[in-house]
Structure formats: C-alpha cells, structure tokens
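All remarks here apply to the structure that follows.
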Amino acid sequence: GDQKLCLTVTSANTIRLLSKPEPRTFTYDHVADMEISQESVFSSVAKNIVESCVNGYNGTIFAYGQTGSGKTFTMLGPSELDNFTDELRGVIPRCFEYLFFLINREVERSGQSKSFLCKCSFIEIYNEQIYDLLDTASASLFLRENIKKGLFVEGAVEKFVLSTGWRNRRVASTSMNRESSRSHAVFTMMLESKESINDVVNIRMSQLNLVDLAGSERQKDTNTEGSRLKEASSINRSLMCLGQVIMALVDVSNGKNRHICYRESKLTFLLRDSLGGNAKTYIIANVHPGSKCFGETLSTLQFAQRAKLIKNKAVINEDTQGNVRQLQAEVKKLKELLAQAVTSPGGEYGRDVAPGGPGFPIDIQPKGSYKAKFMAAARLWKKCEDERRV
C-alpha cells in the first residue's frame with residue numbers, strides 16, 4: 001500500500017537496507033529484485049542443483065522468510081485460483097521438468113545402458129507433528145534413522161504426484177496473508193541410476209529436497225489468537241532451532257567444537273544432511289521490502305548472511321556391483337607375477353652383474369616397487385572379500 005520501501009537492490013550481488021543511522025549493505029551469491037522472472041530464479045538457484053542430483057549428489061533448496069514475503073510463490077507459483085500461467089511456475093515444477101529432461105538425455109546418450117528410478121514423498125511438519133500429504137488419511141508419522149536408509153519418515157507414501165499433496169497442505173488466514181502456509185512442507189525426490197558396462201553395474205543414488213518453510217512472524221503484527229497463536233509459536237520455535245543449528249555449523253566451519261542440536265526440532269533433524277553434511281544446499285531468503293516489515297527483513301538478511309558461511313562437503317553417492325569375479329582374476333594375476341618375481345633368481349628381482357665390472361652385483365629393480373605391487377594386490381583382495389560379504 002502506502003508503505004515506504006526499506007530495501008534497494010544495488011547490484012546483482014548486493015542489497016542495501018535503509019537502517020539508521022547508517023544504511024547497511026549485505027552481499028550474497030545472488031540478489032533478485034521485485035521484477036525478476038520465475039525462469040531467472042530457477043536458472044540462478046536450482047538448475048545446477050538438479051544437474052548435480054542426476055550425477056549422484058544430494059541437493060536441497062529451501063525458502064526462508066517472513067509470512068507474506070513470497071516463499072510459496074517462489075517454490076510453487078500462484079495457486080490454482082489465481083491467474084496461473086506457464087511463466088509463473090515456481091522452482092518445484094521447473095525442477096521436475098528439467099530433471100526428467102536430463103534423465104531422458106542421459107538414457108539416450110548411454111544407448112539404453114543406463115536406467116533411472118524416481119520416487120518421491122511429500123510430508124509436512126505441523127505443530128511439530130509429521131503428516132503425509134500424499135495420504136490424507138494418515139495419522140502423525142515418526143522420524144526414524146538406521147544405518148542403511150539414514151533418516152526417513154516411517155510409513156510415508158512414495159509415489160509420483162505433486163499437485164494432490166499441495167492441495168492437502170494446511171493453510172489458514174492471518175491478517176498478513178489470506179493463505180499463509182502454517183506448516184513446513186518437504187518434497188523429496190529419490191533418484192537412482194544404474195549403468196551396466198562389461199558386467200560391472202555402477203549405481204548412483206541421490207536425493208533432492210525441495211522445502212517451503214512456514215513463515216516467521218511477530219504475533220503483534222498478525223493479530224493471531226487461539227490455535228493460530230499456538231501454530232505461530234510452534235513455527236517460530238522450529239525456525240529458532242534452525243537458526244541455532246546454522247550458528248553452530250558456522251562455528252564448526254571456523255574450527256570450533258560445538259554441539260549441533262539437530263534433534264531439537266523435527267525440521268532440523270529431517271534436514272540434517274542438507275544443513276551440515278553430504279548435500280549441495282541453496283537457500284532462498286524471501287524478504288518484504290516495506291518499511292513496516294523492517295525488523296523481520298533485517299532478521300532474514302542476517303540469517304542468510306550467517307548461513308552463507310557454512311561449508312558442506314558433498315560427495316557422489318556411488319556403489320559398484322558385479323565385479324567380484326574381475327577382482328578375483330586381477331588378484332590371481334598379481335599373485336602369479338609376484339611369485340614369479342620372487343622365485344626367479346636371474347629375473348628382475350634377482351642379482352645380476354654390472355657390465356662394467358664382474359663381481360659387482362646390483363639390483364636392476366628396487367624391492368620397493370614389488371612392495372607396492374603386493375600392497376595393491378592385498379587391497380584388491382580385501383575389496384573383493386568385502387564385496388563378496390556384502
């Protein structure tokens with residue numbers, strides 16, 4: 001409305017907050033103004049993450065910010081009731097369109113030797129309880145952890161669907177936003193690729209998390225009461241825990257010993273690998289430019305600035321199967337070569353006479369090279385045994 005703006009975009013990487021007594025400038029990987037297109041947001045944020053997922057890396061994109069700042073619009077686009085157009089699609093539908101384009105391209109390039117399996121789940125965290133958005137009849141679910149699967153939601157449905165879950169999502173009216181999201185929504189795509197070359201099967205597994213967080217808000221600004229107030233308290237508590245985890249991870253990145261309280265909230269526990277582990281993570285920080293929202297805007301900018309200091313170590317999730325026989329044959333070959341070298345007195349390992357003077361024996365090849373070969377053979381044998389046991 002008549003609000004003055006408290007933000008100005010000064011470049012593609014910097015934004016100025018009109019604070020007193022001095023304006024403050026914040027620097028990020030990318031800054032988008034109010035006129036940016038959804039396609040530009042996708043290209044700068046999500047495109048590389050999706051490409052990495054096809055190559056075996058875990059990826060996460062989540063939107064953080066104040067209620068009404070545009071998180072759901074950024075992640076999904078306008079609701080079906082609004083004037084929905086193809087250009088207004090958000091990050092999530094564009095991610096899947098691009099993902100399946102890349103999958104088809106990889107299959108064609110490999111000559112059908114590579115195949116992909118895609119599963120997805122869609123859950124929400126509402127008042128610190130987990131619900132399945134792909135199964136409206138489900139009760140509260142539990143978050144589990146085991147060695148093989150890592151973190152997972154027990155009983156969550158895995159199938160190919162998007163729009164159904166989003167329609168089931170809990171929304172409620174507040175004075176700031178008619179359809180303010182009252183829960184954290186987590187859409188997860190599990191991608192597995194399998195490639196067979198000469199009886200060796202190479203398997204890559206990755207996970208893409210697309211998260212729309214509930215909005216942070218000050219109660220005096222939203223005039224909430226009753227159940228709405230309880231929801232807001234739960235949301236703010238989980239977001240505060242997210243902030244504490246970010247702070248701890250920054251300290252760990254700087255070499256300090258800190259306990260990271262992932263288990264304080266279902267949200268941080270579910271996103272543990274995304275926040276401080278094996279994942280490439282991108283945070284979209286949505287801010288409201290109006291001067292009345294100065295406090296929340298400053299808080300979001302500071303959160304994003306801290307999160308930028310975290311250093312994740314993403315690795316390719318890869319496994320190789322079916323090559324036990326090949327490893328056994330290689331080990332056998334190396335053992336035969338080693339036996340020949342040790343038993344042959346006049347061979348490479350034996351003593352020989354230097355051409356310049358009889359009686360001066362020299363080693364043509366140092367023992368170290370055979371030691372290296374033996375160690376390599378031992379490592380191959382151990383890997384062979386490990387794979388057979390698996």
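For all residues, glycine too, the Cβ spot is worked out from N, Cα and C.
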Range annotated as coiled coil - as stated in TrEMBL, picked from 65-92, 177-204, 317-344: 317-344
Winner by Cβ contact number (other Cβ atoms within 10 Å) across the binding-site residues Gly65, Gly68, Gly70: Gly65
The coiled coil (317-344) [mean pLDDT, rounded to integer]: 75
Intrachain C-beta neighbours of Ser69 (ATP binding site), sequence separation six or more, cut-off 8 angstroms: Gly215, Asn286, Val287, His288, Cys293, Thr300
